[in-house]
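According to TrEMBL, the feature active site, proton donor/acceptor maps to 131. The feature active site, proton donor is assigned by TrEMBL to 135. Residues or ranges marked as NAD(+) binding site in TrEMBL: 8, 9, 10, 11, 12, 13, 34, 74, 75, 76, 101, 102, 103, 104. The NADP(+) binding site feature in TrEMBL is assigned to 35. For 2-104, the entry in TrEMBL reads domain 'Dihydrodipicolinate reductase N-terminal'. Taken from TrEMBL, the feature domain 'Dihydrodipicolinate reductase C-terminal' applies to 108-240.
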Ligand SMILES: NC(=O)C1=CN([C@@H]2O[C@H](COP(=O)(O)OP(=O)(O)OC[C@H]3O[C@@H](n4cnc5c(N)ncnc54)[C@H](OP(=O)(O)O)[C@@H]3O)[C@@H](O)[C@H]2O)C=CC1
Ligand SMILES: O=C(O)C1=N[C@H](C(=O)O)C[C@H](O)C1
């Protein structure tokens, strides 16, 4: 049995993760903590799933890694500086490991993978992410990661900057620039999490779209991460290696 803790257990995703861990025959839910619970409540856990908030996740990670707990992290807001800090904590605590995935939905991971594969064939790529209005961060972790993967694929293929003659624009009209890829964030009641990657070339376009219909969609990927994080070395970013992508 894997002894699992959940941080953010009363949140929108945390509730689903607790249910999934309790239903898994190879896991025991030993701690389900939320905002005002002392983090020491995680001490009996081998693996802890974190779905909290970008403002608190770094403190959680430093504490967990320092206590030999392996984190499986869904919380977003990671940039290269934050990932480097996590690598430092892991290096100071040999034998630990950590998985951080901007999206645990299998279809979402495939959407990112397909966008990365398609990127080198098109001169233009833009990303539109659409989420519920209670989301803390923009753009989404998934959109940021997709843009990074697309940007890397374009650089590897030697593509030039995308065509864009805009010389006058209202602030924000062209979205955020992530590695040269424009990312647009929509916040709309009624939505959960959605993304379109728009690719354009000579006289044709390709749209890759992903829709999350239920937050239960994240739990198979989270359980996979919990089962496999112990065999991963150091820091793993993204679920791709666990899906052989
Ligand atoms: N990787 C993935 O597949 C996915 C990632 N996410 C990400 O996960 C994060 C959480 O999303 P979501 O569940 O919608 O957010 P919620 O706000 O619904 O849940 C977060 C929970 O964490 C609690 N919390 C805040 N601070 C702490 C703390 N220090 N210790 C323990 N619990 C704390 C919050 O309490 P309170 O409300 O009182 O502040 C809340 O109950 C976001 O960053 C989101 O982008 C979301 C979906 C999928
Ligand atoms: O906050 C959310 O809801 C989600 N957050 C993740 C992100 O920022 O990419 C994953 C998914 O989009 C849902």
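For all residues, glycine too, the Cβ spot is worked out from N, Cα and C.
When the Cα positions of 8, 9, 10, 11, 12, 13, 34, 74, 75, 76, 101, 102, 103, 104 are compared pair by pair, the longest gap among these NAD(+)-binding residues is 21 Å.
Spatially, by CA atoms, the recorded positions 35, 131, 135 include one closest to residue 12 (NAD(+) binding site), and that is 135. Proximity of the binding-site residues 8, 34, 35, 75, 101 to ligand 2, judged by a Cβ distance under 6 angstroms to any of its atoms, singles out none of them. In this structure the alpha carbons, written CA, of the residue listed as 'active site, proton donor' and residue 75 (NAD(+) binding site) are 11 Å apart. Residue pair residue 34 (NAD(+) binding site) / residue 131 (active site, proton donor/acceptor) shows a Cα separation of 23 Å. Residues 10, 35, 103, taken from the recorded positions 10, 35, 103, 131, are distinguished by a CB atom under 6 angstroms from ligand 1.
Under DSSP, residues within the domain 'Dihydrodipicolinate reductase N-terminal' (2-104) fall into helix, strand and coil as 39 helix, 25 strand, 39 coil. In terms of DSSP helix, strand and coil, the domain 'Dihydrodipicolinate reductase C-terminal' (108-240) has 48 helix, 38 strand, 47 coil. Shown in sequence order, 109, 112, 141, 142, 145, 218, 221, 239 are the residues of the chain, 6+ apart in sequence, with a C-beta less than 8 angstroms from the C-beta of residue 103 (NAD(+) binding site).
The Cβ of residue 10 (NAD(+) binding site) has 34, 35 as same-chain neighbours under 8 Å, each 6 or more residues away in sequence.
Across the structure, residue 8 (NAD(+) binding site) and residue 131 (active site, proton donor/acceptor) place their CA atoms 19 angstrom apart. Counting every protein chain shown, the Cβ of residue 8 (NAD(+) binding site) has 25 other Cβ atoms within 10 Å.
A separation of roughly 15 Å, to the nearest angstrom, links the Cα atoms of residue 75 (NAD(+) binding site) and the residue listed as 'active site, proton donor/acceptor'. Counting every protein chain shown, the number of other Cβ atoms lying within 10 Å of the Cβ of residue 101 (NAD(+) binding site) is 26.
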